[in-house]
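Right, one structure below, let's go through it.
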Amino acid sequence: MADLLGSILSSMEKPPTVGDQESRRKAREQAARLKKMQEDEKKKKAEFRKRMEKEVSDFIQDSALQKKKYAPMGKIERSILHDVAEVAGLTSFSFGEDEESRYVMLFKKEFAPSDEELEAYRKGEEWDPQKAEEKRKLKELAALEEESASRTDKRPVSPSSNYRDKYSHLIGTSAAKDAAHTLQANRAYGCVPVANKRDTRSIEEAMNEIRAKKRLKKDDDSGAGSSNASL
């Protein structure tokens, strides 16, 4: 019986000590502070969104404005402003390299920025439509000049002088085929006309000349042999 009573008493929860009560109190206070911070943050977001909705509405109704630039703001605020702009049918962009310097710009749909304008904002430059138009015209002019130069380079090259006149002392003034037959011998260059190279003898005359040369050579050989024998 005593053992049973002891086990029952030991299984019962002991009353909290002073230290446990203090820890629980601090935990409740911390939870309450966290809840209040969350409620305050939610309230601030709602108030910021309401203010942005009012500013965006005023921007849309002002026909003199094409775009609106906001001061740098945090990531949460930028996200809310982008959402408000999208709901209102506007185009929005964030610019700035550092997180602390990033800002939002709103554009009406009919005045959406060009790629050149966006590039200027990304570089931290001010957009000047007049200068941009001048730059565009200069770029088009340079492209036209480059295209014109390319076409000129593709044209066939014409010699600055007539080679026939320049080398007339060599090839004559007639056509090459005719000059081959009419060219006169030029000792300065060793040229011989084709007509001078032709054999005008008949076959019989040529054969008689060849036989005479053979007989003459044979007689010369015979004379040389007799002289050697006598020695």
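Just so it is clear, glycine is given a Cβ too, placed from its N, Cα and C backbone atoms.
Values in this document were obtained by computation on a predicted structure and should not be read as measured data.
Annotated features in TrEMBL:
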COMPBIAS  21-48  compositional bias 'Basic and acidic residues'
COMPBIAS  143-156  compositional bias 'Basic and acidic residues'
COMPBIAS  212-221  compositional bias 'Basic and acidic residues'
DOMAIN    46-109  domain 'R3H'
REGION    1-48  region 'Disordered'
REGION    143-165  region 'Disordered'
REGION    212-231  region 'Disordered'
Per-state residue totals over the domain 'R3H' (46-109) - DSSP helix, strand, coil: 34 helix, 13 strand, 17 coil
The compositional bias 'Basic and acidic residues' (212-221): DSSP-derived helix, strand, coil residue counts: 10 helix, 0 strand, 0 coil
